[in-house]
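Asks: Dumping what Swiss-Prot says about this protein:
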{"type": "REPEAT", "residues": "60-100", "note": "repeat 'WD 1'"}
{"type": "REPEAT", "residues": "101-140", "note": "repeat 'WD 2'"}
{"type": "REPEAT", "residues": "144-183", "note": "repeat 'WD 3'"}
{"type": "REPEAT", "residues": "186-225", "note": "repeat 'WD 4'"}
{"type": "REPEAT", "residues": "276-319", "note": "repeat 'WD 5'"}
Amino acid sequence: MLLLDGQLKPALPQKVFCRLWAVMGKLQSKLRHSTYLYSRPDGIIEERVQTKAPQEYIPVHVDTVSVIATLNSDLCISGGKDKTAVAYNWKTGRMVKRFTGHEREITKIACIPKANQFFSASRDKTVLMWDLQGSSHPRQQLSGHAMVVTGLAVSPDSSQLCTGSRDNSLLLWDVGTGQCVERASVSRNLVTHLCWVPSEPYIVQTSEDKTIRLWDSRGLQMAHMFPTKQHIQTHCEVSVDGHTCISCSSGFGGEGCEATLWDLRQTRDRMCEYKGHFQTVASCVFLPKSTALMPMIATSAHDSKVKIWNQDTGACLSTLSLDGSGPLTSLAVGDISSLLCASFYRGVHLLRVDHSQGLELQEVAAF
C-alpha cells in the first residue's frame with residue numbers, strides 16, 4: 001500500500017513501478033548535471049559541476065546495458081537486457097554491427113582482440129562465439145551449464161575459454177573444437193566473475209559465497225582460496241603484469257561496498273582496500289600507466305558513481321556522479337585517458353580521465 005494525501009492507496013503493479021522508475025531516471029538525467037570531485041595539483045579536492053553537456057548519440061540498446069568490454073583501440077562490445085550484443089566505435093560514435101542470437105539477457109562479454117572475435121554469456125544458459133568480420137549469426141554455441149552463465153575468461157593464447165555459472169560449476173572449453181575438456185564444481189560457489197591471469201595458467205574467480213578463488217586451468221583444480229569477505233564478491237580484475245588482482249563487494253549504505261587489492265604472488269595477502277561507495281560496487285579496473293606519478297584503479301557502483309583511487313594508498317582521487325543513470329553495471333578501459341561505463345538507464349557513458357592539471361574525470365559522450 002502507498003500513503004497518498006493521507007490515505008492508503010493500492011501499490012502500483014511491479015511492471016508499472018519499474019517503468020515509472022526508469023522514466024524518472026531518464027528525466028532526472030536531463031534535468032541535472034553530472035558532478036565530480038576534482039583533485040587539484042596542490043592536493044586539494046573540490047566538488048565541481050560539469051557544465052559542458054556530453055555528446056548524446058542514439059542509444060544502441062533499448063534497455064539496461066549489463067556489460068561493456070573493449071575489443072581493440074577503437075571498438076567496444078556491449079550487451080544487455082535486449083538480448084543483443086553491439087560492436088560500437090566509441091571514438092566516432094558509430095555503431096558497427098549488432099549481433100542477435102541469445103534468447104535472454106546477455107550477462108558477460110569476453111574478447112579475443114587479435115582475432116576480432118568475442119564470446120557472450122547469457123541468462124539462456126549458453127555462450128555464443130561471434131566474429132566481427134563474419135556473419136551476424138553466432139559462429140559457435142557452447143552449452144553445458146544448468147543455470148545462467150555469469151563468468152567468461154579467455155586464456156592468454158586464446159586457445160581455451162573458462163565459463164562459470166550460478167550452477168556452482170566452472171567449465172573449460174577448447175576454443176578450436178568447441179568441446180568441454182574440464183569441469184569443476186564447488187557447493188554454494190555461485191560464480192559472479194572470472195578473469196584469466198596474463199601469461200599464467202591461473203584463473204581468478206569471485207562468488208556469491210563471499211570468496212575469491214584461484215584456479216589452475218591444468219586440470220581445473222582450485223589452487224588457492226583467499227580469506228572470506230563479509231559480502232558477496234561481484235567482480236574481479238587482474239593487473240597486466242599478473243602480480244595483483246582487485247575484487248569488489250556488494251553492500252548498502254556504505255556497509256561493504258568496497259574494492260580490495262590482493263597479491264597474486266607468494267604471499268597472496270590483502271594489500272589495500274578502497275572504501276567510499278554507498279551501494280554495491282559492480283565493476284573494477286586497473287588504469288593504464290599514464291603521466292600520473294601513481295598507479296590507479298577505477299570502480300563503478302550502484303550509487304551511480306565512478307571513482308578513481310590511488311592503488312597504493314587507497315585514497316580516492318576523483319568521483320564522477322552520473323545522475324539519472326541508475327546503477328552502473330560495468331567498466332572497461334578504452335585507452336590511456338578513456339573509460340567506458342555501462343548503466344541501467346542511460347546506456348554506455350564515455351568518460352575522459354584528464355591529467356593535464358590535477359586529475360579530472362568527466363563524461364564526454366553517451367550512447
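Even glycines carry a Cβ here, placed using N, Cα and C.
I'd like to know what surrounds each of these features in this structure.
Replies: Sequence-distant contacts of the repeat 'WD 1' (60-100), counting only residues of its own chain at least 6 positions beyond either end whose CB sits under 8 Å from a CB of the stretch, comprise 106-111, 113, 116, 118, 120, 122, 128, 130, 132, 136-138, 329-335, 338, 340-345, 347-348, 350, 365, 367.
In the predicted structure, the repeat 'WD 2' (101-140) carries a mean pLDDT of 96.
A Cβ distance under 8 Å defines the sequence-distant neighbours of the repeat 'WD 5' (276-319), meaning residues of its chain 6+ beyond its ends; these are 36-39, 45, 234-237, 239-240, 246-254, 256-259, 261, 325-333, 335-337, 339, 341, 343, 351, 353, 355, 359-361.
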